[in-house]
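A quick write-up on the structure given underneath.
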Amino acid sequence: SSLLDILAARKDPHGLSGDILINGAPQPANFKCTSGYVVQDDVVMGTLTVRENLKFSAALRLPKSVTEQEKDERVNQIIKELGLSKVADSKVGTQFSRGVSGGERKRTNIGMELITDPAILFLDEPTTGLDASTANAVLLLLKRMAQQGRTIIFSIHQPRYSIFRLFDNLTLLAAGRVLFHGPAQEALQYFQAIGYQCEPYNNPADFFLDVINGDSTAVAVGKIKETESAESTKGYTEHNSSLAEKLAEKYCSSAYYQETKATLERIPLGHQKKSKAIFRQITYANSFLHQLRWVSQRTFKNLVGSPQASIAQVCVTTLLGLVVGAIFFGLEEDSSGLQNRVGAMFFLTTNQCFSSVSAIELFVAEKKIFIHEYISGYYRISVYFISKLMADLIPIRTVPSIIFTCITYFMLGKYGLKPTAGAFFTMMFTLMMVSYTATSMALAIAAGHSVVAVANLLVTVVFVFMILFSGLLVNLTSILSWLSWLKYFSIPRYGMQALQINELTGLNFCGSINTTGLISNFTCPQISQLSCTGEEYLKSQGIEVSSWSMWQNHLALACMTLIFLTIAYLKLHLMKKFS
């Protein structure tokens, strides 16, 4: 697999020596984009149909000079060639929904690479996860493609004989050394010539592995006696470790090696000097806007095609809104009403933060697909990032905020919270901003991670510390000066302040006091210690009461969102994409 990645220009060349030539000429700088590469783990979008996956590849990898009709004809031709006509309009399938079979899924992967009609097709262990019959069918397909003039290069582990006999050329590797390179059907004869006899009815591929691993049942009688005379296990182990070196030395003295060496020596030296191509150059067949349209469209289809997460989030948000509304139902304008209002606002902002943890999977779950498609020249990193924000992130965060606001706003208090349209939409906008900022922070932490659990833990810990500085659990004016600066990094604090200014200003929690100094509506105990108005309460919390003081919280959330999204994009851009 490592050699395959090097040949396909998908491995970081740092520390590598030598040259890769194609028909004696240097490898083009954008070779990874013009050749086909089928990775070991299937990288197709399971929520799309076979045809939709192939059309996506055609739309982004074929140039604009190719008309839509020609692209559709190309897709239909590949579907027919790969024998996918019966399942062309069936979904590939995900872990939640059943789709096509393993063999059909593998052929869909191959079809994605055949869209550009590459002269060279690389495959990394194409039989992985397939049963013997399906694996044989896939290799027969590759054989037919090779007979049509296409070069097929792949790594494979322990193939059955019916697959092995399809090979034209074979390369055997062990411990980083070449043990054989030549016509596949002459390999048995070569090993027999150096003293290794394949037993009758033994699979040649198994036999080669036995020889390389030092299995005594596959080697010459002389070696068996030598092994049996070993005085200790350590001696036997040392013998096996040096076996690959001995086999490599025998190959270097063979006619196959000499023939390969002579071929290489005939290549002009001038070509070899020019073969150091720009490794990371990636070319694109289409414009930014064309890529953005297709990637956004696929992301939206993926969202609609797997509604479990989005529907579950809406249902949980609705249920949670009803529960919160029931708990804080009918708030009065008294001391308990003030406490309950602040508690409700604290819960609203905290819920928005923790519900954003689900965004962690946005880049982690599709990491393999993103890396493969980016290296293959499907789209730019910026296109993938923006499309995710537009077609996935914003709808999932916006809709729950609207639902949450509509339910809770009118269930709190006798007639809801402040009965004005401005206060209602300000609360909705505030909850949206808190959700966007928390989600952006989750993306900034999770981008580049491969394990969801690690990113989940980091985001949760950060949110817990932010909640401490939200303004409810501890009075921010009483915090030591050398710790107080941490409050400026608290997302819930900005949300809480905006919601409190929006709701509490203009409210009186001690009733109306008459001219004689008596409370006419109800008695307020310890009136000297109670914040009678919303403004007094806000002042005691260190919150300035003004129109600008509310909107500066929104501005702070917007700035944090931009900073976190920038960090997420940079981490995605700098993420290691080559093995």
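Note that Cβ sites are derived from N, Cα and C of the backbone, with glycine treated the same way.
For reference, TrEMBL has these:
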| type | residues | note |
| --- | --- | --- |
| DOMAIN | 1-200 | domain 'ABC transporter' |
| TRANSMEM | 311-331 | transmembrane segment |
| TRANSMEM | 394-412 | transmembrane segment |
| TRANSMEM | 424-445 | transmembrane segment |
| TRANSMEM | 457-483 | transmembrane segment |
| TRANSMEM | 554-572 | transmembrane segment |
Leading contact stretch, 311-331, 424-445, 457-483 vs the transmembrane segment (554-572) - CB distance under 8 Å: 424-445
Beyond the flanks of the transmembrane segment (311-331) by at least 6 residues, Cβ under 8 Å: 337, 340-341, 343-344, 347-348, 351, 355, 358, 396, 399-400, 403-404, 406-408, 411-414, 417
Chain residues in Cβ proximity to the transmembrane segment (457-483) (below 8 Å; excluding those fewer than six residues from its ends, i.e. six or more beyond): 342-343, 346, 349-350, 353-354, 357, 360, 438, 441-442, 445-446, 489-493, 496-497, 540-543
PLDDT averaged over every residue in the domain 'ABC transporter' (1-200): 86
